[in-house]
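Below is one structure; the comments refer to it alone.
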Amino acid sequence: MELVCPAGSLPALEAAVDNGADAVYIGFNDETNARNFGGLNFNDKNALRALERIRNRGRKLFVAINTYAKPDSFARWQAAVDRAAGLNADAVILADIGLMGYARERHPELALHLSVQASATSAPALEFYRQQFGIRRAVLPRVLSLKQVQQLAAASKVELEVFGFGSLCIMAEGRCHLSSYVTGESPNQNGVCSPAKTVEWRNAAGGLETRLNGVLIDRFAENENAGYPTLCKGRFIVDGKRQHALEEPTSLNSMALLPELKAAGIQAIKLEGRQRSPAYVAQIVRTWREAIDEVLQRGADFSVKDSWRDTLSKNSEGKQTTLGAYDRPWQ
Amino acid sequence: MLAVSKSISRIGYRFGCKILPLLPKWPGEVAFIKLLNTQLSEELEDGLFDFLDEQILEVTVTDLGIRLRVSKRGDQFVRAPAGVPADSTISANSADFLAIASGREDPDTLFFQRRLSLGGQTEIGLTVKNRLDALDRSRIPQWAQRGLELIAAELAAVVAN
């Protein structure tokens, strides 16, 4: 089972490698990746340094080009694929079908991973991507229950990667434009949900207020844990009650399911968080490395240690974790 | 070594909490900005901090009452003029700032736990965070790094008590 870890900077990449990542995924510093934030990600110089450090340590480097190209600037996304191929990255993680066609034709030797943003949730969908574009691996959307993941794994001819840990959003993966209703920009088009230039935090009488483009989306009382300022995690008055109408600030943690995922033949576990610091990367990668090693050694005898759970909870959005859709027996 | 660093942290912290808030201006501001200019000269030349041009970033260390106001002009960080409101503010207590500086804790984690707060233009605060995260830590001498880690660990314990 491969441990695939996030890096938004060189120090984060080093933290991932030092703490046991098998593969690290990065993005270029523009809208071709879904963590397009100021000061984050890799220019050509740093991408080369990243590759050098990865090669020195015998790990793998993936490049996420996981947003949808715009009709008037497709060339920028093509250039990103060319840059990744030029780097000799071990794979590119793509969502846009046009871009996949381009990568397949132009760089037939470049391994393609289907991004979670492509939202392929059925065996025929995965098979289509395999036949058309020769994808080697697919990252499964976080909307599937464990049983559905197991069924897909049994039927799939491509490697499957699932999410182990990270901030959750509303999970309309590849289809979410919620952010753009308020800010004009969304993750799949502009690589950013709630762009920082539209976010405002203000201390007011009722607590800490969050505004997106001037629209109030939440208010936190003094001791309440906060989350990312996204519309889906805001609190709104519905039927006279102020509540999380769509999603609570929380992080997914599927560690408890590691034995089942391994038995199902899942080839890789992905950790989320390219926007986080090296300190986060070091802590969660070390924790997952230990857990995966334990599963490989003990199989079904595995149980989640309290110290692992504590570290993951501490670093979670809203300070809480969930099994998310994995734990939906009715699905 | 450990015992010495322990008592230095403890005594220094108590002393700082009492004395520093009484001063009208933190005396270390000039020295700190000078240090930033020498340590980050390469980044400044590469334009990585241009987003701070003519902007005022205010960093407040809540428990010590330290307020650092920094701006950028040309290729240099400069002290921000007094009386002009900041464009972006970041505040936390000394233990949490040290935990971030020493790589012990992640700023987003502290933010979720309401230990770090941001005000004004979020983009400036976020970009500062990302730029600092991307700095090559191997440039900091090993002993200084280790010292920072020790003090951060100790201060986390002192403040928690």
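Even glycines carry a Cβ here, placed using N, Cα and C.
TrEMBL annotations: computationally assigned, not manually curated.
DSSP assigns A:Cys232 ([4Fe-4S] cluster binding site) to a helix in the three-state reduction. The Cβ of A:Cys232 ([4Fe-4S] cluster binding site) lies under 8 Å from the Cβ of A:Cys169, A:Ile170, A:Cys176, A:Leu178, A:Leu246, A:Glu247, each of these being in the same chain and 6 or more residues away along the sequence. Annotated [4Fe-4S] cluster binding site per TrEMBL: A:Cys169, A:Cys176, A:Cys193, A:Cys232, in sequence order.
Per TrEMBL, the feature compositional bias 'Polar residues' maps to A:313-323. Helix, strand and coil content of the compositional bias 'Polar residues' (A:313-323), in residues and according to DSSP, is 5 helix, 2 strand, 4 coil.
Look at TrEMBL and you will find A:310-331 tagged as region 'Disordered'.
Close to the recorded [4Fe-4S] cluster site, the chain also has A:Ile170, A:Ala172, A:Leu178, A:Ser179, A:Pro187, A:Thr230, A:Leu231, A:Glu247: residues not among A:Cys169, A:Cys176, A:Cys193, A:Cys232 whose Cβ is within 8 Å of the site's Cβ mean position. Shown in sequence order, A:Cys169, A:Cys176, A:Leu178, A:Ser179, A:Ser186, A:Pro187, A:Tyr228, A:Thr230 are the residues of the chain, 6+ apart in sequence, with a C-beta less than 8 angstroms from the C-beta of A:Cys193 ([4Fe-4S] cluster binding site).
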